[in-house]
There are 2 protein chains.
Amino acid sequence: MESKSRRTVFFVSDGTGITAETLGHSLLAQFPDCEFRQVRAPFVDSLDKALDCARNIREASRRDGQRPLVFSTLVQADTIAALHETEAHFVDLFGTFIGPLELELGVKSTHTVGRFHGIAESEDYKQRIEAINFTLAHDDGISDKNLEDSNVILVGVSRSGKTPTSLYLAMQYGVKAANYPLIPEDFERNKLPGELQRYRSKLFGLTITPDRLSQIRQERRPNSKYASLENCAAELEAAKKMMQREGIPFLDSTARSIEEISAKILQEIRFGKPVY
Amino acid sequence: MESKSRRTVFFVSDGTGITAETLGHSLLAQFPDCEFRQVRAPFVDSLDKALDCARNIREASRRDGQRPLVFSTLVQADTIAALHETEAHFVDLFGTFIGPLELELGVKSTHTVGRFHGIAESEDYKQRIEAINFTLAHDDGISDKNLEDSNVILVGVSRSGKTPTSLYLAMQYGVKAANYPLIPEDFERNKLPGELQRYRSKLFGLTITPDRLSQIRQERRPNSKYASLENCAAELEAAKKMMQREGIPFLDSTARSIEEISAKILQEIRFGKPVY
């Protein structure tokens, strides 16, 4: 029964489908009470593939007894027409906006299929890959080498969210994000670890509630002192004091996704880029 | 002079701005001859912030002598109105599609600000973080532990693109992607390394042209045998033979972005999920 009441949503693209999926997810999130069955249809870059896709859409329509939703970033007229011949509710991301943009910019769009193709040669892309490699080589304080090349250095107690945030910053924004744990020894010495003192302007702190930290650490090392609520609270308190004393901006990661944390960090730090 | 001829593009959102940026970039990529100056404006979740943003838009308009472009995912009527009062070309992602979707679905949208807020509690999000941790723990063949939990295991010679692709699969799609290097010793023994034989159905290979591989390895270890064109060609040939013999599907990563490679891998492998 449950599957019958769900609509099927297709993300159709001549490329990877990431754009169609991203906007589709954002729009559907505005309808939290509806359940959707999601289908990716990337690389629909020929009429044959579009006709295949149209068949799948019609089949879903019959099966669900409801019109499917289609989020499309197709740019070729014949492939778009093939999908229009289904009865789906069609959200045509490119068709809707490209015409007005052409008028505004006073140039024709290239109607290029597969916008992500060729991206691998772009400077932006190379910067992202370089940032990922940098971030992996500077995860968890494993190396001080070339730390001066970092755009940001995340600090915080173990399991406060530094690693996934660093990787997201690198992958999404091409930001070279090192990260460094603050450990009990640092609090005893009452000093920032390693070379961090030299790069204080690049530091950004993550904190988290003791409850949540204890819960995360329990999964790693059940019933350890490391994971105990008391120890977590003490470490977090010491880290907070250190960050406040050193003038390091920090953010609570508890209820935030890595997307949110990263966007906040980007706002705080300018990275010497012209505009952001 | 150059900066004067560029238009400014604003990505305005009440959340992280990722949706606005993703669609904006895809649309602008259809105009490769135009240069744009890009400005992120995330977390515009109050009228005050929207008025601030509108001021920045007007300033850019004066400075450039051209109407800025605004890609917006704002959902609150008053913030949208504030931006509409600038003369920018306004691409209103939510306004354009939410109304028709409400009619189609027969329910009102929640008009929730900050769709990414609360995401950190969702199952999808937890799965993505878990996948990132898994992928990091299974990078470059460092561990066979829990390899049976992987959704895919990438194989290929050193520097063929396994690590960034694995991380992208984990971060974007919540796919647990291990990766394992194929090294000269494996070719001599003529056997897949480690435990891989047991998980052959999960294997996916990456290959690359000898030229490109040699170039990448030169950056790491200049003038080494490891980086020589001859050695790269020999390793790639041996790896290809091994993958063909073992029936492992593989893909050339040379001119492809990690987005493209990941989307292709997702198409090949079903991961036992209901629909993809």
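Just so you know, glycine gets a Cβ as well, placed from its N, Cα and C.
What TrEMBL says about a protein is an automatic prediction, not a curated fact.
For A:Gly156, A:Val157, A:Ser158, A:Arg159, A:Ser160, A:Gly161, A:Lys162, A:Thr163, the entry in TrEMBL reads ADP binding site. Sequence-distant neighbours of A:Ser160 (ADP binding site) (same chain, six or more apart, CB under 8 Å from its CB) are A:Leu206, A:Thr207, A:Ile208, A:Leu213, A:Ser253, listed in sequence order. A coil conformation is recorded for A:Ser160 (ADP binding site) in the three-state DSSP classification, outside any helix or strand.
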- Query: Near chain B: which of the binding-site residues A:Val157, A:Arg159, A:Lys162, A:Thr163 have their Cβ closer than 8 Å to one of its Cβ atoms?
  - Reply: A:Thr163
- Sequence-distant neighbours of A:Gly156 (ADP binding site) in its chain (C-beta under 8 A, six or more apart): A:Lys162, A:Asn179, A:Pro181, A:Leu182, A:Gly205, A:Leu206, A:Thr207, A:Ile208, A:Ala239, A:Phe250, A:Ser253
- Message: Using CB atoms and a 10 A radius, I'd like the single residue among the binding-site residues A:Arg159, A:Lys162 with the highest neighbour count.
- Response: A:Lys162
- Message: Quick check: with A:Gly156, A:Val157, A:Ser158, A:Arg159, A:Ser160, A:Gly161, A:Lys162, A:Thr163 left out, which same-chain residues have Cβ atoms within 8 Å of the centroid of the ADP site Cβ atoms?
- Response: A:Asn179, A:Pro181, A:Leu206, A:Ile208, A:Ser253
- Task: Using Cβ-Cβ distances, find the residues under 8 Å from A:Ser158 (ADP binding site) that belong to the same chain and are at least 6 apart in sequence, listing them in sequence order.
- Result: A:Pro181, A:Ile183, A:Arg217, A:Tyr226, A:Glu235
